[in-house]
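Engineer: Take this structure, written in structure tokens, and hold onto it; I'll ask about it next.
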Amino acid sequence: MLCVVFAPTAAGPGIPEIKAYLNGVDTPNMFGAPQLIVKIIGSICAVSSGLDLGKEGPLVHIGACLANLLSQGGSGRHRLRWRWLRYFDNDRDRRDLITCGASSGVCAAFRAPVGGVLFALEEVATWWRSALLWRTFFSTATVVVVLRGFIEVCRNGRCGLFGEGGLILFDVGDVAVRYHAGDLLPVTIVGVLGGVLGALYNHVLHKVLRVYNLINEKGRAAKLALALAVCALTSALLYVTPFAVPCTPCDPAFGGACPTLGKSGNFKRFNCPEGHYNDLATLLHATNVDATRNIFSTGTAGEFRLDSLLIFFAVYCVLGLFTFGIAVPSGLFLPIILMGSAYGRVTALVLSRFARIDHGLYAVLGAAALMSGSMRMTVSLVVIFLELTNNLLLLPITMFVLLIAKTVGDAFNPSIYEIILDLKGLPFLEAKPEPWMKDLTVGELAAAKPRAVALQVVERVSTVVEALRATRHNGFPVLDRPRPGVSELHGLVLRSHLVAALRKRWFLPERRRTEEWEAREMFSSAELADKCGGVDELEISPEEMGMYVDLHPLTNTTPYTVVETMSVAKAVVLFRSISPIVGILTRQDLIAHNILGAFPHLASKRKTH
């Protein structure tokens, strides 16, 4: 209800939108106070209800929202006007702070400070520099200190299940890992399966999300009905499926721990008689964190049956595919970790003749492989799993598995976040242009698109208002005509500066250029930096519409320009390297599938490459 009514953009993980924003894409209504509040409450409700989703993605979005609100002094018209906030009132610092917020969210979710920094570097940020490295590290270090303080305060169950396990969520550090040649085959199979299953998961999820988009377009009632249907399916599967497996007698070595009587534990009795436990109910009727601890537990090779693990994997695959995309804050990390850990244990059971590493460690490797196969992360994922499991001896074999899984996954389809970006229509510019783009010039591309909206150096007020109302462009080329029949590019004027000129009534009764001192008296740097408000809020009389406005004092006369014969491949690299800008060729024009729409004959060259 909260997502449907108050903040629709709070649904989902929020990570793809953060990636797009840090890539230079405008993502409106994404980092405001309503999104923050709905994300916090909705994530708590969704995770605690037992839905197959995680809190990790929402925590990244929550961190980004907090960073944005703290840097801007709030949102909308209720922003604070403290003097020190002006130092952050620019796009670069805002991007940096949102990057710090995203890395802090990962750190809070996994209690992995270095993993959070590397996640921001590898997966989220587009522009990176040394100053941003220590800023994100400082942010994650602060998160760890605060988390540690709360864990100390909440000892002995004062805060429920919070703080269990300390800063290490899934500690397997007490297991000695010794490598043998026989382990090479099952470990390689785990990596290959991770890449194949991750790519297959991405493919099916893409199909499901396309269907969900059609359903969600029908209105609020359809969104609520879809969420209720997924809740009913989840409840039914979690309750019914444990009846499909037989009960397992408790090993006397377990003592009083079997069957489990408390909130969490490894031996849920469910429908079994005294002295027995249901291993599938142990996994399904626990929180996601407890289920992960159970399946990662070492020295438990015979605790979980093969059929129970296969059913658990199938149930979480189905629920993960159908849960992601409904109108609730949801993350992908923990569901994929649980699916991967299940098939990792299955691989260890099937190949037990060759496997000498503990089955719990195979679960860790399976979780890492499936995450790499779906999300295509490597460096940050290695460090996150190292900080999650506290076992440095697993590092070499984890790196080996992740590289295999990513390589196999890349052979089939893009990462899950790239798929979501494409579904949402966000024009994300990749680091490398397509090879066939070198066969097309920017002149040809510009000629194939509609004529750009351009303004004169001294323009009528009515023309400026019409351009602002008819387009959503952030900037407009300003043309000068030194003599009849000749047009030259004078520069680029920002939308916010045009709105400022209209708001200040910078109007002239005749067509003339103003002096520099006139502009300095009329506008202050703070007024030109202010991006609040739009043209619809202004009341301009018909008499004023016929007047003129001089744009040359407000124009950037040194915009980035390229010659018409430059290849589109070079233009993409230039466009991406100079941070977000707007010109005659916009971000949308440089997206690969948009170019192919204007030049269908290039599709054959794309297949050849």
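Including glycine, each Cβ sits where the backbone N, Cα and C put it.
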Engineer: Can you dig out which of the ranges 125-144, 165-184, 185-204, 565-584 TrEMBL describes as transmembrane segment?
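Structural biologist: That would be 185-204, per the transmembrane segment entry in TrEMBL.
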Engineer: Any residues 6+ beyond the ends of the transmembrane segment (224-245) with a Cβ under 8 Å from its own?
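Structural biologist: Sequence-distant neighbours of the transmembrane segment (224-245): 1, 4, 49-52, 212, 215-216, 270-271, 278-281, 284-285, 305, 307-308, 311, 315, 318-319, 322-323, 326-328.
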Engineer: Mind checking which residues reach the transmembrane segment (392-409)? Cβ under 8 Å, same chain, six or more beyond either end.
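Structural biologist: Those are 172, 176-177, 179, 183, 187-188, 190-192, 194-196, 198-199, 202, 357, 361, 364-365, 368-370, 372-374, 376-378, 381-382, 385-386, 415, in sequence order.
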Engineer: Go ahead and report the DSSP secondary structure tallies for the domain 'CBS' (448-510): helix first, then strand, then coil.
Structural biologist: 20 helix, 24 strand, 19 coil
